[in-house]
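Take a look at the following structure, please.
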Amino acid sequence: MIKEIAGGVAVPHGFRADGVSCGIKKNGKDLAIISSEVKARAAALFTTNKLQAAPLKITQKHLRNGIAQAVIINSGNANSATGEEGLRDARKMAKLTAVKLGIKESDVLVSSTGIIGKKLPMDKIKAGIEKLLPRGGINGSRKVAEAIMTTDTLPKEVAVTIKVGGEKITVGAVAKGAGMVSPHLATMLSFITTDALITPAALSYVLRKSVETSFNMITIDGDMSTNDMVVILANGLAGNKEITMKDLVKFQDAITFVTSSLAKMIVKNAEGATKFVTVKVKNAPNLNAAKMASLAIAKSNLVKAALYGCDPNWGRIISALGSSGININSKKIDIYIGGVIVAQNGVMTEFNSQMVKKKMTQRTFTILVDIKIGNEEATAWTCDLSEDYVRINSSYST
């Protein structure tokens, strides 16, 4: 059974964390560290944007042996599109962190988030790293969650415990993201820690599978960042028998619970959002088709604008479905908004539009599309598109 507990990345045994302000941003914390007492097995997934930022290149290099002991993260500056100097700065962040902790530079992962195209203020970062005092428990976790925020207005963290082979295993995580969020890891960072002992192959498999149904099924504005990553560290200090590919179910469920919780937090705290909407497509011919269909609806700006205006314009939903690229039969499509059927077998029903509008004024509701040509289903999470989103992003760099 999964038990949710307070805290985040510094709750699992042997992990410590901290976050401070070093002056990259005008206000608030902007530098964070996560570290393990011992070397941890590590896995990561990265943005599919072809123009990956300097920190991702360094992190990918350091992860070649599947081992890491710390992550250093800054917000307010993406260190992206910064050339060779950006790579040197990312390496320097790793080196400064390694010296502080007394570990190998290659065991430090580097992450940055913020404005693209500006050079890192390395004097400020150096001073900030010296100020960091990693500690275990709830406080350290919260400071990391706060320090990695950019346009987020709320810190995002979660922790759970499970029993595997009679031993208690803890998983903790933080995330950031409020805009430039689209499937395939776009504009979000997430760092997951666990004291589980698990094989490298199993760890990579679990991370990839959990991300497929969580972070890769959210969208805010369809834009893709250059910096996004999800990292998991497993230090093995729980004392459990090593988890292998043969015994993954409980651990997989725990990681998926954590990533799904964070994914929903990201959408709920999206830039300018007033609604959190679940888009479910069922009875698709295969799982990939179900995912494509739900994401096509969730990403549609016309659908998102209708969500903001509480407009039960189901034509925008069926249009987005038709552009998803999957095979459909227009005579079999049923569409529900907030539990009310608005289209049946591809044509409009005699629904009460005022009742549906009232359903759409709620903070959370569901769009359900039944395409009735198979047995697979998928769920995506999205938000509305408001004037505030335009206001926030029209002046982000100034």
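Backbone N, Cα and C atoms are what each Cβ position is placed from, and that goes for glycine too.
Model, not experiment: these values are computed from the prediction.
Checked TrEMBL, it gives:
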type     : residues                                       : note
ACT_SITE : Thr187                                         : active site, nucleophile
BINDING  : Thr150, Lys176, Thr187, Glu271, Asn393, Thr398 : substrate binding site
Please report the DSSP secondary structure of Lys176 (substrate binding site), reduced to three states.
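Its secondary structure by DSSP: strand.
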Please work out the number of neighbouring Cβ atoms within 10 Å of the Cβ of Lys176 (substrate binding site), leaving out its own Cβ.
30
